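Chemist: Reproduced below are the annotations present in TrEMBL:
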type	residues	note
REPEAT	119-153	repeat 'PPR'
REPEAT	239-273	repeat 'PPR'
REPEAT	410-444	repeat 'PPR'
REPEAT	446-481	repeat 'PPR'
REPEAT	482-516	repeat 'PPR'
REPEAT	552-586	repeat 'PPR'
REPEAT	587-621	repeat 'PPR'
Amino acid sequence: MGAVSPPLPFPHLHHQGRDPDHLLRLVDELCASGRSTEAHRRASLLLLSPACRLDARAADAILRRLLLADTPLLTLRLLQLLPTAPSLPNRNRLLAHLCRAGHVLLAHRLLLRMGAAPDAVSYAALLDGYARVPDPRAARRLLDEMPARGVAPTSLARSFLAKALLRARDVNAAMELVDTTLWPSAAAGGDRLGDGGEDQEITNAAFANLVQCLCAEGFFHVVFRVAEEMPQQRCGVGDDFAYAQMIDSLCRAGQHHGASRIVYIMRKRGMRPSDVSYNCIVHGLCTSPKPGACLRAHQLVMEGTSFGYHPREVTYKVLVDELCRENELAKAKDILELMLQPTVQCGQDSSGDVGEETRTRLYNVFLGALGEETRTRIYNVFLGALRVVDNPSEQLGVLVSMLQAGCKPDVITMNTVIHGFCKCGRTQEARRIMDDMLSGKFCAPDVVTFTTLISGYLGAGGHAEALEVLHSLMPRRRCSPTVVTYNCVLKGLFGIGQVDTAIQLLEEMSANKISADSVTHTVVIKGLCDAGLVEKAKEFWDNVVWPSGIHDNYVYSAIFRGLCKQSKLEQACDFMYELVDCGVAPSVVCYNILIDAACRQGSNKLAYQLVKEMKRNGLAPDAVTWRILSKLHHYDKEKQEGNHHRTFDVDRISTEDRVEPLVLTKDMMPLLPSSENFCEEQSRIVCITPLLLDTSYPGVSFLFNIG
């Protein structure tokens, strides 16, 4: 049985002639919800109704709303049912939509059958369509027929012909058109304002269209030639506008080095780029994957100080991160010192308006230490970037520099430094910094400080010191641990094999009324399965996790991974089917774990059955799925050739498993991680939205047939 259409939200719409606003609201609601086809269908039914009496204004309003859905073919079909001719702006909008969708011939036919005479906008929309195809001959014929229809060709219209030639890779003809026709026509004719030439806005739009097309098609050398010769000066295009448009178009095309060349041309002419344009170049170089781009960005920042440029804080953060990643610490410190100069206020550059300066002054009056807070924030960004260097001594040196400069570090500063030492296993130095914080030499530690130190102790194998901080130091400082703290401790204890201690800590967590989240459940189930305590994992799922309703794909993947490591693939599949029966939709990652285990055991039939089950549940296999299956065929081929290969038994100790590439290239692209590693990596994320399920379902039996 086909799907039944929902009832009309306004049951009296058949009286549309008396109140057309209801139809407008209906069309708006349907188009906003992505149901454009339904909106056109119902509008056509109402227009065909004998009771429909729409005036020109109402019909035009309906057409304008339907055009917003960007389904031009449906709107063109509906156009024939309108009782009155649509307005010229709506026809122009429909022309533009048809051309953008590639239906240029339909758009041209609509132009020829227009009741009202087309204007320059109509021809511009159609010319843009022929430029997109591209079809320079049709665009030229259309341009030649404009005077016969009473429309004078403008420079914008001619720029679309140049665009068509450029897209057809006929750059010589395009530039000849620009030099002999485009600039002279813009300077001498077209839409005249008094005794002047063409309307300047149209001329600027033509220049912007030309430059954007040159950059999009890769003719950057032509852009540089225009920047040197500036032929558009003949038609009144301002130099500032022209250079800004070149920089913007080059940056959009990913040519940030080329955009910096435009800056040098400007500087040679005694001009300076705007802060927005210059920051766009610097930020683009910071995020560019090209080698040495961040060094070029550093060079531009330092050169920009000569004309008062200071990077925004967002750009500063990205630049410092990239410089530290390239191990260019000296250059990163140069940017830090630049940002700490007094000309930068509240993260804004020196060109801020009076309102910004007034706000800065008011903040300084009422908060007193705003300047210090800003400097501290800038230092914190730099410290965070130094984490990739894996050298906490650098962070400690920045902390000393802060103190020498009279800048008071805050708790974020201290937490970053402590994290750097803990990450390298130097927990004694981290503890000394913590003791200095406790003694009052620095700001007081917070729960993040204690959690970072605990995680560092557990990472170094010192569970006794970690528990001492949790049970003695934190209560003494009246700092209550959070669920994140307990998750870190549980993960560390399971990681070093202290299962009994971890279970006791879980009971303590419940006694302290700290609600567990999905990360807690994931850590516990993974730890129990890794320790071979699958029966305890079953009890924990049945008695704690499922009744709580706090479980998600990270929890499921931990269960599947644990079962597969214990060679219990059949029980894992049964658990998958029961989850689906209870309304749970496991992710593709969960299926990939089972498919990978089936491939390792040589169960070809089961692997493809799981893929079929995945598709039946509305999931599409991803790249990891296909790579796992390709590995299965690789193993089958080795079997047929009689080659010796490793067994498919799951190693209980190994936690790393990567899918072998099907084709080896000399460059050796990085291997995609297997589904097990993907889940293991994702389980580290602390902030996970739990998947709340209906707890009225009976507990899902785990179907563990141990022994």
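Glycine is treated like the rest: Cβ placed from N, Cα and C.
In TrEMBL, annotation is done automatically, which means it is predicted and not curated.
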Chemist: Express the predicted model's confidence over the repeat 'PPR' (410-444) as a mean pLDDT, rounded to an integer.
Modeler: 87
Chemist: Of the residues in the repeat 'PPR' (482-516), how many are helix, strand and coil by DSSP?
Modeler: 26 helix, 0 strand, 9 coil
Chemist: Pull the DSSP breakdown for the repeat 'PPR' (552-586) and write it out as helix, strand, coil residue counts.
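Modeler: Grouping H, G, I as helix and E, B as strand yields 26 helix, 0 strand, 9 coil.
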